[in-house]
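As given in Swiss-Prot:
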REPEAT    14-47  repeat 'TPR 1'
REPEAT    48-81  repeat 'TPR 2'
REPEAT    83-115  repeat 'TPR 3'
REPEAT    116-148  repeat 'TPR 4'
REPEAT    150-183  repeat 'TPR 5'
REPEAT    199-234  repeat 'TPR 6'
REPEAT    236-268  repeat 'TPR 7'
REPEAT    303-335  repeat 'TPR 9'
REPEAT    344-379  repeat 'TPR 10'
REPEAT    380-412  repeat 'TPR 11'
REPEAT    414-446  repeat 'TPR 12'
REPEAT    505-538  repeat 'TPR 13'
C-alpha cells in the first residue's frame, strides 16, 4: 500500500496537491493541509496564495516560526497584499513581537474591517497604555455589522472603569447581559446596583436614627428592616437593630444582631458595642476581649475605652477605670455628634471625679451637662446635673435640677428618690416625707412599699436614713454611634475595599468628594481615585481571584483618619 501511495503521489500534479490542500484547510485539518501545500510548492513555488495558505495552516498549528517564513515568501511575491500583512501581524502577535504586530495589523485595518483585528489592536494598545485608542478599537470590534464580539465590549467596559466612568461601564456590561445573561460581568453589574441601593438607603438610615432619638423604636426597626430588604449586607442596619434590642434589654437578640454586623464588616465600632452587650449578659471576660479587639482595630475608639472604664469602675478597680476614662478624654472625637461628645466627656469627667476623689472634675463636667440640656431638655440630663450638684454638696441647686427633671418626667422614681435624699440632707424632713409618700402612690410593689415604709418610719422618728444617691455611672444610657453623611460614605469606602470590591469603594469615594473642601484632602482623594480606577480594571481582570492592594488600603485608612472617621 505504501508503495502504491508513493507512486500515486509522484503522479499528482501541482493542481492536485493544491486542491487536496485546500480541502484539508477548509475542513480545519491543518497538519494534512501543510503536507499538501509543501508538496504543491515543491512543484511550483511562485503562487503567493499557496504560501499564504501554508502560513495560515501553520499559524493554526501554533508553528509560528515556520508560519512567519511562509508568509514572508508570500509577501516577497505580493508585497502589497493587505491580507498577507494581516496574517503576518497575527503571527508576530503570537510570537510576542508586539511592535511588529501593531505595524502590520494597523496597516491591515485601513482596508480590512474585521472584529478580531480591531480587538487585537485594542489589546496591543492596552499593553502600551494607550487606553483611549484601545477603547476606540474595542468599540469598533463590537459595532461591526453582525458582530457578537461581547468580549470586545467587556474589554471596553473595563476601560470605562479605568477612566472612572461608572455609568458607561454599567451600560456596556448591561448590554452584554442582555445577550448573555450568564456572562462573568454579571457579578460586576450586581455589585454596582447593590452599592447604589446602599447609598440611596442613607436617608432611610438617618430617619431611623431620628426615630431612635425620639424613642420611636418600633418605627426605627421598620426602617432598618426596609433597608435590609434593599441591601442585605447593610452592616450598619444590624448595628442599630442591636442598639434597639439593647434598649429593650433583649441582650441575646442584641448580640445576635451585632455578630451579624461583624460578619459583614470587621469594624472596631461593632466590637465596642459587642463589649457593651456581653457585659450586660454577665460575660465580663468576653466583654473585655471585645473591647480590646475594638481598640486593636482602632486605637481611637472612645466607645471601647468608655466601656472598659465603666466595667472596671463597677468592679471596684478604680485605678484601671480612671486610666480608661483618661483615654476617652484624650481621644480626638471629631467624627462624633456634639451630643455624643458631650455625653462621653460628661460621664468620663464624673468617672475621673469618683475614681480620684478630685472635685474639680465635677465642675468641669458641668459645662457638658449644660450643653446637653441646651441640645435636649431631657429629664436624664437634669438628673445628672442634680447629681453633680449633690456630689459637690450644693443641695439647693441639686434640688432645683431634680425639680426640673420632674417637670419633664413627673413620675420618674429615681428622680423622686434622689430629690427626697437631697431634702433630707437639707433638713427639710417634712418635704422628704411628702416626696416618699408620692412615690408610694406611683409604685405598686410590696417589696418597694416595705422599703419606703421603713424610710418613712425613720424620717417620722427624726432618725437619719443615711441614704446616698447612687452614682450615675451605674445608669449609663445605651451609647451608639451616629455618623454624619461623610463618615457614613467613608466607612463604606473602607468596607468595600477591605472586602476586595474596588468598584463599590470608587463609587463611595466619588460621593465623599462632593463633601470635601480642604485642598490637602482633595488631593488625597484624587490620588486614591486614580489608584482605585486601576484597581477596578484589575478587579475585572481577576474577578474571584482579586485581592485589594495593601498600599491603597493604607491610603484609604489615612484619608479616613484625616476626615476624623471611626472604623
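From the backbone N, Cα and C atoms, a Cβ is placed for every residue, glycine too.
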#### Entry: Surrounding residues of the repeat 'TPR 5' (150-183) on its own chain - C-beta under 8 Å, 6+ positions past either end
115, 118-119, 122-123, 126, 131, 134-135, 138-139, 141-142, 189, 192, 503, 506-507, 510, 529, 533-534, 536-537, 540-541
### Summary
Sequence-distant residues near the repeat 'TPR 10' (344-379) by C-beta distance (under 8 Å, 6 or more away from its ends) are 302, 306, 309-310, 313, 318-319, 321-322, 325-326, 328-329, 333, 336, 338, 385, 387-388, 391-392, 405-406, 408-409, 412, 415, 471-473, 476, 479
### Query
Using DSSP, how many residues of the repeat 'TPR 12' (414-446) fall into helix, strand and coil, respectively?
27 helix, 0 strand, 6 coil
### Summary
Checked against DSSP, the composition of the repeat 'TPR 7' (236-268) is 27 helix, 0 strand, 6 coil
